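J.: The active site, proton donor/acceptor annotation in TrEMBL covers A:Y138. Residues or ranges marked as active site, schiff-base intermediate with substrate by TrEMBL: A:K167. The pyruvate binding site annotation in TrEMBL covers A:T50, A:I209. Positions annotated as site 'L-lysine inhibitor binding' by TrEMBL: A:T49, A:A54, A:N85, A:E89, A:Y111. Sequence annotations record features per position, and here TrEMBL assigns site 'Part of a proton relay during catalysis' to A:T49, A:Y112.
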Protein chains: 4
Amino acid sequence: MSLQQKLTGTGIAIITPFNEDRSIDWAAFENLINFWIENKVEYLVAIGTTGESATQTREEEQEVFDFVKKVTGKRVPLVAGVGGNDTHEVLDAFKKMKLDGFDAILSVSPYYNKPRQEGIYQHYKALNDAAPLPIIMYNVPGRTGMSVSVETTLRIAHDCNNIFATKEASGSFEQINQIMKNKPSDFMLISGDDAITLPMIACGAKGLISVIANAYPKEYSDMVRLCLAGKFEEALPLHLKYLDMVDALFKEGSPSGVKYVLNKMGYCKNTMRLPVVPVSQAHEAKLDGLMAAVANR
Amino acid sequence: MSLQQKLTGTGIAIITPFNEDRSIDWAAFENLINFWIENKVEYLVAIGTTGESATQTREEEQEVFDFVKKVTGKRVPLVAGVGGNDTHEVLDAFKKMKLDGFDAILSVSPYYNKPRQEGIYQHYKALNDAAPLPIIMYNVPGRTGMSVSVETTLRIAHDCNNIFATKEASGSFEQINQIMKNKPSDFMLISGDDAITLPMIACGAKGLISVIANAYPKEYSDMVRLCLAGKFEEALPLHLKYLDMVDALFKEGSPSGVKYVLNKMGYCKNTMRLPVVPVSQAHEAKLDGLMAAVANR
Amino acid sequence: MSLQQKLTGTGIAIITPFNEDRSIDWAAFENLINFWIENKVEYLVAIGTTGESATQTREEEQEVFDFVKKVTGKRVPLVAGVGGNDTHEVLDAFKKMKLDGFDAILSVSPYYNKPRQEGIYQHYKALNDAAPLPIIMYNVPGRTGMSVSVETTLRIAHDCNNIFATKEASGSFEQINQIMKNKPSDFMLISGDDAITLPMIACGAKGLISVIANAYPKEYSDMVRLCLAGKFEEALPLHLKYLDMVDALFKEGSPSGVKYVLNKMGYCKNTMRLPVVPVSQAHEAKLDGLMAAVANR
Amino acid sequence: MSLQQKLTGTGIAIITPFNEDRSIDWAAFENLINFWIENKVEYLVAIGTTGESATQTREEEQEVFDFVKKVTGKRVPLVAGVGGNDTHEVLDAFKKMKLDGFDAILSVSPYYNKPRQEGIYQHYKALNDAAPLPIIMYNVPGRTGMSVSVETTLRIAHDCNNIFATKEASGSFEQINQIMKNKPSDFMLISGDDAITLPMIACGAKGLISVIANAYPKEYSDMVRLCLAGKFEEALPLHLKYLDMVDALFKEGSPSGVKYVLNKMGYCKNTMRLPVVPVSQAHEAKLDGLMAAVANR
């Protein structure tokens, strides 16, 4: 089975559960990993943005990778989030980190320093040339401040043989359509946006790296599987059912939303690392209502 | 003289000159510091975004701070850029870094992880409580992906007695106007946007932390001084004269633009750290033309 | 067959062909109507935005309606564009115009004067109460300057029994998703956006009111029929094939783009009424290339 | 005194007061005209957007022009709003309407049909060539859906000798700055945006066509006069004082906001023509509070 086939479907951008003292809550983490795998998502992505990569050191991230690998025990494919806005530092991480047992790397495009498109290309080219594993590039302009253009995405897709997929979270169907139209046939488009995954798969995306599936792994990966099977009419009610929940998970920042829901479900503490904070009380009530709503229907 | 008075006028967000091997070009740096000070800008800001903070380690930044302090020799006030999107790591830097000889810290709001406003507040509150020096907060939503709202800015301005100013680069006059209307009288609004500094000072800003002043310290700080003296009619021709240059300095990313110009002027190499890259050849020609244009008039 | 069923599929927002002296080119119009019907689009919409409603008087529009009706001869259902930003004037038009033989009215939300949502509601409520025919409301915020919100759309959908559908051209899947989730089951969502019709149908839209189908009625309505049959995998290559053409038809204003293509095909003059003007020469070359590209594949 | 000099300062985009039966309330109108003139605004603009041009026929507009002229009795210069998105119809209005006694025409760029820039140019060129009076062009992309670009503005400014000014309401200082930098010296930039008039005058604008001055003619034109005299420090407190009121006047649509305030002041009924409706009760309370606030200070 090719890597593309293995990563078709739903990957979870898994949270990192913390204790109140900023340490990682390994017991909760183990439970969660089993919960996710038993509920049939296709793969896990550790140390993505949802995993609070911004507030963990490379050393802590290595610990997380090791732990996730151990608990998973080859039951599902694994993707390691290793990105940054300092090319040199990411290359250094590629060298130092032990990623055996992982199937691919997810690496976000540079944020904050906003290189021009040529700089984004050179960044990914350098990563490609030193890649210890195949790479999924990641475009999330609402966070990075600089979209990877269609042209740059295609240039990377054609030139960089270790970069086999892009996680697209631009929300732009113009971008999505143009990538689909012009990409090499073996280059994969992955939705990075729970809310528009159904229409993205209709346009040719091969799955989703998901936030909501942290809390609803079975339900949301079912929806994605129906889409991938071309059964959009069956998928649509599920898509619409979780719409307000998806929206609410992001309203006051992520992973604050999904950690609150997982805490209510009993899976982890409602604890983030600063500057990320728990959702407001008003939003807790909103999320409680939505949890009840999706449970009842 | 109060800190507010000392930092009224133009501060340069100074570049960090590099050699081709990624090392810092200290000789060029020394020349530049003297050039900037002799051309009468009011103060210098080291290791801001323009100084390529994203691709330097805290250790390198400490070296830069030490060097800038030494060369400056108290001729002008100094501001140290120390920010990040991991509150704990910034607090750690506050503890470890030696910032004596500096007058203030510039600290950008969290980027990429996009905390809700309460998280931004708690981030700055934590910084305030541990501040080794007075702090200028910094709002640049085009880079961070999350604007510090008017309400949060004012909450910080009122609650945090070590945060005495905000560098505003939202470009929104609604934001600027509301901050001016409601801020404590001793809280300073500083433009973070060369292009709209004239109208921002008309609205009450007390100066600028500038990119273009790296290359045109005398000319642009003259413009700012005229504005601060209420002589907008005299300032306007200067403002308009540098408009296209300001625009061009950002067109292909910063500090790529201003480093190209400084290189042409003989002050430094045209070298950035990846993922930031030099401007394109087409843009070099554009910048050449603009350099000639501002020289001639 | 219900009206909803009759209008499932592709309707063309038909152009109005003009002579150089601003008069209507009736001979061309007759040919076009036959071309469109023979190429199997489901219905025609006369005097929409694409029909240059802005530069025709109600008297001219009546002539167009009469002519379209006569030439169509009941071969396909017909929709009459009757809208405006002056409620009183639209009601007056509803009274005066003879619309027998038409199946429905398309009526755009108020543009330019930007009423608040309550005003948009009252506008459509007044139209509903005086409607000579069932009404399709139309949201195109890029033209009107004011989006009809989800809430207002749903309020109208529930309260106004003569308004049975909305043509959505906001381009926002958040808007589209929320309307789909909450609309009455017999209220129809119609795409008003050629470029995202495939994903909109995946989300539950029942067809398209199209610009590109003026020139490619068979090809684009085939694509829509495949989507409506749930055959997205077969529809996708067609969707992608026409993507650049769709984009190019709007690049320099509509109907300028599609009139140029129809002119090259021999169907009408390349003539618009001011302020709408023909596309530039550079864009003609672009369109020529795209016409060749879609013909060849 | 040149026309430019006569129109330096504040013009009011005057409301048209209506009775409940849609007729014009002439008695209220007479009082208002006297109120405005006695409170020293520099000129009046009848039948602008604020005058609800969208819902009046050219015949009604002629009546308004005649009445405004009669009551004004040459005490201040007058501008007539005559615009549209159908070039031919506007030219027809230019021919038919009696505008003697008026000093200039304000003519908005085409809305809704979104011609490309060449079409906007040809529209204004045609108006220029048939102009019965000097023309102020008007760019308000938030309403029209299509900004008049800097290039088109400058092209018109240079080519059309009857078009002597532009009312800019794009809100973009990039646009404002570039127009100021490149315009012919006798071409006037007028703010079309109460909220940013102070910084626009600092950048070279010569005044304002105002909504808020309907209700606060003395106070807001004082602010503008201070700016024009270069006294920005004195103007700033006034600018900030009216900031929230300016914002609130537009929050639920204009002229709904200002008509509510004028109604509370006793000047006119709170009556608009559909689709424009009165502000909500919640917003009435907000406006009441702001009226008290500006009265007290």
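Quick reminder: no glycine exception, Cβ is built from N, Cα and C everywhere.
A TrEMBL annotation is a machine prediction, not a hand-curated record.
Walk me through the surroundings of each of these features.
T.: Within the same chain, residues at least six positions away from A:Y138 (active site, proton donor/acceptor) with a Cβ under 8 Å of its Cβ are A:G83, A:L106, A:S107, A:V108, A:S109, A:T166, A:K167, A:A169, A:G192. In the three-state DSSP scheme, A:Y138 (active site, proton donor/acceptor) is classed as strand.
Around A:T50 (pyruvate binding site), a 10 Å sphere centred on its CB holds 23 further CB atoms from the protein chains shown.
In sequence order, A:A13, A:G81, A:V108, A:V140, A:R143, A:S254 make up the list of same-chain residues 6 or more apart from A:T49 (site 'L-lysine inhibitor binding') whose Cβ falls under 8 Å from its Cβ.
Counting every protein chain shown, 22 other Cβ atoms lie within 10 Å of the Cβ of A:A54 (site 'L-lysine inhibitor binding').
In sequence order, A:P110, A:Y111, A:Y112, A:N113 are the residues of the chain that are 6 or more apart from A:N85 (site 'L-lysine inhibitor binding') and have a CB within less than 8 Å of its CB.
On its own chain, A:E89 (site 'L-lysine inhibitor binding') has no residue at least 6 apart in sequence with a Cβ closer than 8 Å to its own Cβ.
DSSP assigns A:Y111 (site 'L-lysine inhibitor binding') to coil in the three-state reduction, placing it in neither a helix nor a strand.
The Cβ neighbour count for A:Y112 (site 'Part of a proton relay during catalysis'), using a 10 Å radius and every protein chain shown, is 21.
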J.: Using Cα coordinates, what distance in whole Å links A:A54 (site 'L-lysine inhibitor binding') and A:I209 (pyruvate binding site)?
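T.: Just about 18 Å between their Cα atoms.
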J.: So if the criterion is CB under 8 Å to a CB of chain B, which of the recorded positions A:T49, A:T50, A:Y138, A:K167, A:I209 qualify?
T.: A:T49
J.: Using a Cβ-Cβ cut-off under 8 angstroms and a sequence gap of six or more, which residues of the chain neighbour A:I209 (pyruvate binding site)?
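T.: Listed in sequence order, they are A:T10, A:G11, A:I12, A:A13, A:V45, A:G48, A:V79, A:L106, A:K167, A:I190, A:S191, A:G192.
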J.: Under DSSP, is A:I209 (pyruvate binding site) part of a helix or a strand, or is it coil?
T.: strand
J.: Provide the number of Cβ atoms within 10 Å of the Cβ of A:Y111 (site 'L-lysine inhibitor binding'), excluding the reference atom itself.
T.: 25
